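For H22, the entry in Swiss-Prot reads active site, proton acceptor, with the evidence type sequence analysis. The tRNA binding site annotation in Swiss-Prot covers Y17, F71, N73, N119 and rests on sequence analysis. Residues or ranges marked as site 'Discriminates between blocked and unblocked aminoacyl-tRNA' in Swiss-Prot: N12. Positions annotated as site 'Stabilizes the basic form of H active site to accept a proton' by Swiss-Prot: D98.
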Amino acid sequence: MTSPYLIVGLGNLGPEYTKTRHNIGYMAIDELLTRTSPMPATLTVHKKTNTLVAETRLGTQKVIVAKPRAFMNVTGPSVRKLADFFTVDRNRIVVLYDDLDLEFGAIKFRHGGGDHGHNGLKSITQALGTKDYIRGGIGIGRPPGRMAPKSFVLKPFSKIEQSELPIVCADAADEVEKITTSEL
């Protein structure tokens with residue numbers, strides 16, 4: 001029997017983070033949920049993993065869609081517990097995250113590889129004990145001037161960026177659908 005896909009969006013819980021660059025993974029998950037069957041799927045608290053989860057389908061493929069409720073830098077244990085609980089093969093985990101190295105709106109998916117300094121990915125790799133999972137980087141651009149990356153990712157998107165977020169999140173969801181409906 002084929003393992004389901006586990007689609008994880010990275011972000012931080014709390015109203016102060018809702019519209020920040022660091023939460024673009026959560027935003028992409030919200031778009032993805034509108035495409036599931038039954039539509040839209042609803043996230044509920046999975047108590048064993050402290051994660052918001054929906055067991056649903058994209059097309060005919062069973063998927064587990066999740067938003068960890070831990071701060072991004074310590075999401076690894078939640079992702080590991082989810083993968084173990086739902087018996088998900090590591091290479092069928094897809095993590096959506098904010099990528100400083102990509103221009104705003106660019107999308108790049110890759111199987112395996114490094115964490116590129118992203119503490120959420122670092123935590124997941126450490127908890128899973130492997131780099132063999134799919135990373136979906138969603139470009140948020142570089143900080144202006146000498147602004148520290150840590151400050152930049154916790155700032156809200158500009159008005160122009162906010163107007164483009166629906167398209168960016170739709171593009172990320174399109175890529176997830178391609179991955180889950182074809183074998184990489």
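Just so it is clear, glycine is given a Cβ too, placed from its N, Cα and C backbone atoms.
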Secondary structure at D98 (site 'Stabilizes the basic form of H active site to accept a proton') (DSSP, helix/strand/coil)?
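Where D98 (site 'Stabilizes the basic form of H active site to accept a proton') sits, the three-state DSSP reduction gives strand.
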Take the C-alpha atoms of N12 (site 'Discriminates between blocked and unblocked aminoacyl-tRNA') and N73 (tRNA binding site) and report the distance between them in angstrom, rounded.
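About 9 Å separates the two Cα atoms.
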Under a criterion of Cβ-Cβ distance under 8 Å and sequence separation of at least 6, what residues of the same chain contact F71 (tRNA binding site)?
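Spatial neighbours, sequence-distant, of F71 (tRNA binding site): N12, L13.
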If you measure every Cα to Cα distance among Y17, F71, N73, N119, the residues said to bind tRNA, what is the biggest one in Å?
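For the residues that bind tRNA, the greatest Cα distance is 17 Å.
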For N73 (tRNA binding site) and D98 (site 'Stabilizes the basic form of H active site to accept a proton'), what Cα-Cα distance in Å is obtained after rounding to a whole number?
12
Rounded to a whole angstrom, what is the C-alpha distance between Y17 (tRNA binding site) and D98 (site 'Stabilizes the basic form of H active site to accept a proton')?
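Y17 (tRNA binding site) and D98 (site 'Stabilizes the basic form of H active site to accept a proton') have their Cα atoms 13 Å apart.
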Where does N73 (tRNA binding site) sit by DSSP, helix, strand or coil?
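SS state of N73 (tRNA binding site) = helix.
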Where's the emptiest Cβ shell within 10 Å among the recorded positions N12, N119?
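Least crowded of the recorded positions N12, N119, by Cβ count within 10 Å, is N119.
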Are there residues of the same chain, six or more positions away from H22 (active site, proton acceptor), whose CB falls under 8 angstroms from its CB, and which are they?
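L10, G11, N12, M72, D98, V153, L154 - these are the non-local Cβ neighbours of H22 (active site, proton acceptor), listed in sequence order.
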Which secondary structure state does DSSP assign to N119 (tRNA binding site), in the simple three-class scheme?
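Going by the DSSP assignment, N119 (tRNA binding site) falls within a helical segment, counted as helix.
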